[in-house]
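Pulled from TrEMBL:
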type: ACT_SITE; residues: Cys321; note: active site, nucleophile
type: ACT_SITE; residues: His754; note: active site, proton acceptor
type: BINDING; residues: Cys184, Cys187, Cys204, His217; note: Zn(2+) binding site
type: DOMAIN; residues: 160-270; note: domain 'UBP-type'
type: DOMAIN; residues: 312-792; note: domain 'USP'
type: DOMAIN; residues: 606-647; note: domain 'UBA'
type: DOMAIN; residues: 667-707; note: domain 'UBA'
Amino acid sequence: MVDAMEDLRAHLHRVRIPEPTNRIFKQECCVSFDTPKSKGGLYVDMSSFLAFGEDFVDWNYQKTGNPVYLHIKQTKKVVSEEDRPSKKPTILAIGVEGGFGSGEPQYEESCSIIILPHYASLPFPSVVLPEKVRLAADAILLAEGVERKEQVSAWVAEKQASAYAMNLPQIDNDIIVPPSGWKCAKCDKTDNLWLNLTDGMILCGRKNWDGTGGNNHAIDHYNETKYPLAVKLGTITADLEAADVFSYPEDESVIDPLLPHHLAHFGIDFSSLQKTEMTTAERELDQNTNFDWNRLQESAEALQPLFGPGYTGLVNLGNSCYLAATMQVAYTTNAFVSRYFANRSLKSAFDDAPADPTVDLNMQLTKLGHGLLSGRYSSPSSEKQEGIPPQMFKTVIAASHPEFSTMRQQDALEYFLHLLEQVERVNAGNPKLDPSRNFKFGIEDRIQCPSGKVTYNRRYDYILSLNIPLHAATNKDQLEEFQKLKTQAESEGKDMAAGEIVRPRVPLEACLASYSAPEEVMDFYSTALKAKATATKTTGLTSFPDYLVLHMRKFVMEDGWVPKKLDVYIDVPDIIDISHMRSKGLQPGEEILPEIDGEAEFTGPVANEDIVSQLLSMGFGQLLCEKAAINTSNVGVEEAMNWLLSHMDDPDIDEPISHMSQKAPASVDQSKVDTLISFGFQEEVARKALISTGGDIEKATDWIFSNPNAASSSDMDTSSSGAAAAEAELPDGPGRYMLLGFVSHMGTSTHCGHYVAHIKKDGKWVLYNDEKVGASVNPPKDMGYLYFFERLTE
């Protein structure tokens, strides 16, 4: 004991007392998924406040030299048979007398101070410890961990400053609120109490549906007085941003920018208060993350649970199934397995990471890879499949995309593209290790105008997005019969039974054929004809990736821009061959369209004569009519009229069109330019397209395809050295692929519902449904949203 104390005193200068703004990790290891419940517990660095599992704390000591750690160990309580609930529930409630038990085991927590490298141990709490150590350890234990904070902040939907805060009336009634011992002024409730910031009344919160909570006295008081803001007592600490302020008229949690002033009115010194209550967001989070989706799926009970390496599930953090399903498939590919597991140890990733490994994407990808593939967190001896929570990874990957940092459901396609873009970014210094390149391929559009001359456009993508040609359904007879029965049932006021519904069945081959089929390009400006004409466009692939991802466009826009999900089955074979989709580039005898003249390249599209004519009949001048038509991409008279009326006072409205076009680049939105660049277009071309289409990205994309020679010949010429060099960097090979896995979606929109993944492993299909992993008996291959294929080399 004496040696350990001397060792601790010798390193007191390495101990820090955390400030309210410090990020404190105490629920999960930074480089693994170990927690205080793990066999070795968790070690919190008392200098950096990072946490490490038993097998990894030495690495941190070697890297930083920080020797003093707060060891937190949680041990499951043993519940005797007498203490186990045996009565049947009598009320519909959880965790209350007469209700359901929560089912969650309880844990006892023990702490100690550990000094490395010899793991000298001192008990905590203990009065013999130096005061600095006691204060630091107390602050760590009392603080809310970053892991929990990030979950809660993600769950809260962007709190806004209250409209009532700046001019909030406060009554001078000499009320002083004590730092503790609160009680509702109208009942005996001592928890879930709210302080009205106008008159200082302390009242209980709302009553929950199950009978728990308060007695509605706080909201009743608002209804009587209309005093708008209240703060929840027990959530006020030195970190005022975490305080739970509720606005009754706005009916949501809000930010009170003047909260220190409003609290001081009632004599509250917030710097000395400690947190004792959950915020509204925390309660919502607990209720939602404890909800077991699989109880709604009876089929899940019949699944045989699978354990071991590669069979670890991912905990749903709150609408994070899109992330879980996508990452499970990604870590089945050799591209991700080799980069972030087989050829990358946790130790090397940690050594290469910055001082805070929680913000390093490569570190967190390696952590996730080892968590999913090592089998460390998927043992048959476990009472249930708990999975691992990808919270640190989600925080890092979402840092550059605000939507993915929320608890809202997201589009799995959009997320997968974002993942690959971020992976490419962090591996830019070593592209040969970049897993994203194994998904990347070249696309080439061949456009032929009526003159017979052609042009070629090239771009790159990670996804082959396919339209679903419903006219190619193979069960048309059954569909016709079903429509007759449906019409008859509707006329009789009846509904069709679920088992009677017939959906179109479209072969995947038809979707691929639709992608390559010739299509007309209207109003294509031919530099050979020096006029607009209808051209023909065909699309092919210039390279075949190691992993081909197919996106089925099940979500379409109906008239009026109303989104609709196609209720359709896609018949997907286990093996496909897309060799016929390879683009061959410029062929012997083909003649390239001439380039646009230097003067013409700034003029943009020609104004539609019909639109101009109708605007002229309304009394506007020729120049103004042409400008209106051009700036609305010749969409229609109404759009041109609206543009004209809103730009009549522009200082350059009477300048010639050529001058207008030359000045336009200064007003182009750079974010839109960046978006087009991410599609594979050159910056100069992107700017021209946006100028010509009034800044509309979708129309700008169409403009680029209709005006391919707007780019310099070095970028569009298929024989250019730059294009050839870029092509050479991409994987390429035969066009035969085998189905590796697919992500399915249940719901009416990509932003609601549920995602699951089916993956073929060792010749058998496996279902990944958040933390649940089981053998799939009948994989619904015809219901996929994203299909992942792996190239066959033989």
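Just so it is clear, glycine is given a Cβ too, placed from its N, Cα and C backbone atoms.
Overlay of TrEMBL feature records on the structure.
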residue: Cys184; record: Zn(2+) binding site; contacts (Cβ under 8 Å, 6+ apart): Thr190, Leu193, Ile202, Leu203, Cys204, Gly214, Asn215, His217
residue: Cys187; record: Zn(2+) binding site; contacts (Cβ under 8 Å, 6+ apart): Cys204, Asn215, His217
residue: Cys321; record: active site, nucleophile; contacts (Cβ under 8 Å, 6+ apart): Gln409, His754, Tyr755, Val756, Asn769, Asp770
- Do you know the DSSP helix, strand and coil residue counts for the domain 'UBA' (606-647)? 28 helix, 0 strand, 14 coil
- Additional residues around Zn(2+), ordered along the sequence, whose Cβ is within 8 Å of the centroid of Cys184, Cys187, Cys204, His217: Ala185, Lys186, Asp188, Lys189, Leu193, Leu203, Gly214, Asn215, Ala218
- Message: Return the count of C-beta atoms lying within 10 angstroms of the C-beta of Cys204 (Zn(2+) binding site), excluding that atom itself.
- Response: 25
- DSSP helix/strand/coil residue counts for the domain 'UBP-type' (160-270): 19 helix, 21 strand, 71 coil
- Note on the structure: On average, residues of the domain 'UBA' (667-707) score a pLDDT of 66
- Query: Counting every protein chain present, what is the number of Cβ atoms, excluding its own, within 10 Å of the Cβ of His754 (active site, proton acceptor)?
  - Reply: 19
- Message: Counting across all protein chains present, how many other Cβ atoms fall within 10 Å of the Cβ of His217 (Zn(2+) binding site)?
- Response: 21
